[in-house]
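Peer 1: Just lifted these from TrEMBL, have a look:
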- 1-24: signal peptide (SIGNAL)
- 115-141: transmembrane segment (TRANSMEM)
- 116-382: domain 'G-protein coupled receptors family 2 profile 2' (DOMAIN)
- 148-171: transmembrane segment (TRANSMEM)
- 183-208: transmembrane segment (TRANSMEM)
- 229-250: transmembrane segment (TRANSMEM)
- 283-312: transmembrane segment (TRANSMEM)
- 333-354: transmembrane segment (TRANSMEM)
- 360-380: transmembrane segment (TRANSMEM)
Amino acid sequence: MLKITFYTIGAAAVLGCICTSVQAFIINDTSNLDSFGSISSDNLLNKHESVPTCTTLKPDEYVMYPSNDIFVPSLNKTLEESSYKFDGEYLKICVPPKLVYSKEKVSIKFTAWTVLFYFSAAGEILSIVFLSIHLLVFAVVTDLQNLAGCYLASLCFTLLLSYLCTSVGHIDTISKNKNACNVMSVTNQFLCLASFFWMFVLALDIFQSIRNATKNLRTCRNAFNLKKYTCSSLICWGTSLLFTVAALIADCVEAAAITAGNELRRDYYRPLFFKSCWFQSKYFFWLFFAGHVFAIIFFNFILFGITAYILFSNRMKTGEDDYRAQQKKSFLIYLRLAIIMGVAWIARVLAYLLQIPCLWDVFAIFDTFHGFFIFVAFTCRKKTLMKFKSKLLKACESAPRR
């Protein structure tokens, strides 16, 4: 079942990459911008390319980078500085009239993005459902409530909140509201960072368990330890909160005005969460988010690499082969989870920095199936499901009858 799932995800990723492409429009001569045609969707489909008009975008409809490039998410276009001009906070975009568009190409691209959007939305809904089921099973089955199980439940809870936050962010009234956009951006940053810190805690926990089982020649059942769990929680939530508050403070502090060409632009090096409900500055994106994500992913794989070496190159004492096999199985499952999270977020960071649509597809596909993978790998076990069923039956039998 897992193999089929991974093949399906891989095929969908390839399909998404085939269906999308990057288009950059470069205009060297901006002396007569009004002679160029608009690149708005309505203009592409209903007007001739030579119509001398330009498109005006609101501040929340484009993303500006320190390199002065502009990315328009709704059109999937990247424009260099010479192909646009500012009218206050509004952006005016024009393209050469000779650039020919066909209804067929626009329709194919629109269809591809629509399919990916609904595919991602379906994945998010599935993840929310499966993560909720896992947390329910965790709360009922006491065998899952060891230290590693609590770490995994914390990761699931963080991912669940992240998916819910992302789903709420799709609502137009929220995405178009400046204050709501700020709240959604900060919350998303906090939850995403926290999920990676919990994954790091899981990697560290399985490393310590296997090292103790091999080095000290004894098994370690890793029972729940309140002090250790509290410490881990403070580190995960506290560190995530620290970086989130730092980004929020930077966003609230007005930056000095910076002259770019003939335009005076302010707030150029602030995160500017309110414009796109996410980081608008690559510098702050790297400083407060991407840098930490890459560092955690790197250390995760270092830990998993060391753990793999310890596990497969050492022998535990005789009579513990079953436990060793169980440790191997657990290690491989956690490794797969780390790979899925790592691939998804490496794709997201690179997609944001490099603006490559294929990478957005990879991120959307892998990220939206976190919950499904966790459910299949950790919840859909015969022993776990039988105990869950038994607990439910006992609860039903003990319930007072009318």
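For all residues, glycine too, the Cβ spot is worked out from N, Cα and C.
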Peer 1: Tell me, roughly as an integer, the mean pLDDT over the domain 'G-protein coupled receptors family 2 profile 2' (116-382).
Peer 2: 78
Peer 1: Which of 148-171, 229-250, 333-354 has the most Cβ pairs closer than 8 Å to the transmembrane segment (283-312)?
Peer 2: 333-354
Peer 1: Please indicate, using numbers and ranges, the residues of the same chain that are 6 or more beyond the transmembrane segment (333-354) and have a C-beta under 8 Å from a C-beta there.
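Peer 2: For the transmembrane segment (333-354), the nonlocal Cβ contacts are 192, 195-196, 199, 202-203, 206, 279, 282, 285-286, 290, 293-294, 297, 300-301, 304, 308, 360, 362-363, 366-367, 369-370, 373-374, 377-378.
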Peer 1: Give residue numbers and ranges for long-range contacts of the transmembrane segment (183-208): same chain, 6 or more residues beyond its ends, CB-CB under 8 A.
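Peer 2: Those are 147-148, 151-152, 154-155, 158-159, 161-162, 165-166, 168-169, 174-175, 222, 232, 235-237, 239-241, 243-244, 247-248, 271, 273-274, 277-279, 288-289, 292-293, 296-297, 299-300, 303-304, 306-307, 310, 330-331, 334, 337-338, 341, 345, in sequence order.
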